[in-house]
Amino acid sequence: MADLIPLIATDSLPSNRARRPEWLKVRAPGGANYHDVFRLMREQNLHTVCEEAHCPNIGECWNHRTATFLLLGNICTRGCRYCAIGKGKPEPIDEHEPERVAASVAHLKLKFAVLTSVNRDDVPDGGASIFARTIELIRQKAPDCKVEVLIPDFDGNWEALETVLAAEPDVLNHNIETVPRLFRRFRPRARFEQSIELLARARAARPYLVTKSGMMVGAGETNEEVYQVIDRLRDVDVNVLTIGQYLSPGASYWPVDRYVTPAEFAEFRRYALERGFRHVESGPLVRSSYHAHLHVNAQQH
């Protein structure tokens, strides 16, 4: 049996803060499927957010032969204070990346694929055309595979959003990440209301589409503020919600304020379901793509 290990990320917490609780420990990744996915990603020169963002669920997901593909390289043009993905000047767009991703999806015989990306403010459409092309090629090479896209805000470029929507993903996800009071410090180059507008526009343009959002807690928000964000997301008819514990990637990042208890996560879930969400994942280790294959069935009725 694999040992229990602390999560990869390290918190920049004062020394008098409580140690990380037992519920934030995971099994060390391993197993034949895990190594098969790892090898394929290296062979195809592909990136996954599972690795780049130090996801605690990488062992579980890769052993189920699922992964979240990170499009548009692994260097982001923004500097969000919570994110472990590298920042700086990215390489030119790799026009062949969609073919390699689609081939990998087919090779792994995935029934559900998640596509996300770094922010690419250096290109006019923010990389939307790469999302669209990847969806189209997955449809060709793995027609039984459902596709979720976890998209950036495209800096408010709604034509870019339509480019992605026109490729007909099964689930459109855009994470709100945190509460309005912390938003500009947590995500200096983004706006809370712009993210809400993106989700509203997606719903208006494709009423049948499953829409999804997620946030992290334990970053300094109050529980009341979490409930208010849940309300705002329901106001724009988001179907699926994920809520997980924020873990700081290191000393230069936004610090963890506290560890939210499993009981509080359960209460967030209860409230969100009561408000009308079709599916809610709420727990310390939940990340945006956790159990994503279950979310595709959360269509409106």
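Note that Cβ sites are derived from N, Cα and C of the backbone, with glycine treated the same way.
Under the three-state DSSP scheme, Ser289 ([4Fe-4S] cluster 1 binding site) falls in the coil class. Per Swiss-Prot, [4Fe-4S] cluster 1 binding site is recorded for Cys50, Cys55, Cys61, Ser289.
Feature annotation from Swiss-Prot assigns domain 'Radical SAM core' to 62-278; the stated evidence is sequence analysis.
Within 10 Å of the C-beta atom of Cys83 ([4Fe-4S] cluster 2 binding site) sit 22 other C-beta atoms, taking all shown protein chains into account. Residues or ranges marked as [4Fe-4S] cluster 2 binding site by Swiss-Prot on the basis of sequence analysis: Cys76, Cys80, Cys83.
Annotation: Cys76 carries the greatest number of neighbouring Cβ atoms among the binding-site residues Cys76, Cys80 [cut-off 10 Å, Cβ to Cβ]. Ser289 ([4Fe-4S] cluster 1 binding site) and Cys76 ([4Fe-4S] cluster 2 binding site) are 19 Å apart (CA-CA, integer value).
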